[in-house]
Amino acid sequence: MDLKQIEKLMIAMGRNGMKRFAIKREGLELELERDTREGNRQEPVFYDSRLFSGFSQERPIPTDPKKDTIKETTTENSETSTTTSSGDFISSPLVGTFYGSPAPDSPSFVKPGDIVSEDTIVCIVEAMKVMNEVKAGMSGRVLEVLITNGDPVQFGSKLFRIAKDAS
């Protein structure tokens, strides 16, 4: 199963309102799960695209397996390839280009060590010339920024690692 087929499955899940999908086939086990909490729906925000003219948009998609969000298990040898980092993750709600600041010469929305609430804007994901603000969706402390400014992101790509509040 390749990435295009998985993306098609994710799109079909969204269209049909599915929250979870699992398949076992030909030695492959795949599980997909959508975060459907009310606070995670993002409204598009429009920015003047001239603010982002300093960002490069011709960078390759990163293929670091530590940043993948899909859990794959081969049934033949029962090895699992998934991240085991502690903390929770803020993931991209859509496919687009990641921007960690409102403009190329502006400071980042958040940096490691910052405290965020559910409504804190942590980044922008640009899709089809629309700048979409991404909110944290949880309270906690930013442990790590996993994406670089201008990097393309896929739906579900991990953007930030967060230590959630105990409350």
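Quick reminder: no glycine exception, Cβ is built from N, Cα and C everywhere.
Keep in mind the model is a prediction, meaning the values are calculated, not measured.
Taken verbatim from Swiss-Prot:
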COMPBIAS  64-74  compositional bias 'Basic and acidic residues'
COMPBIAS  75-86  compositional bias 'Low complexity'
DOMAIN    87-163  domain 'Biotinyl-binding'
MOD_RES   Lys129  N6-biotinyllysine
REGION    53-91  region 'Disordered'
Segment-level pLDDT (mean, integer) for the domain 'Biotinyl-binding' (87-163): 91
All-chain count of other Cβ atoms within 10 Å of Lys129 (N6-biotinyllysine): 10
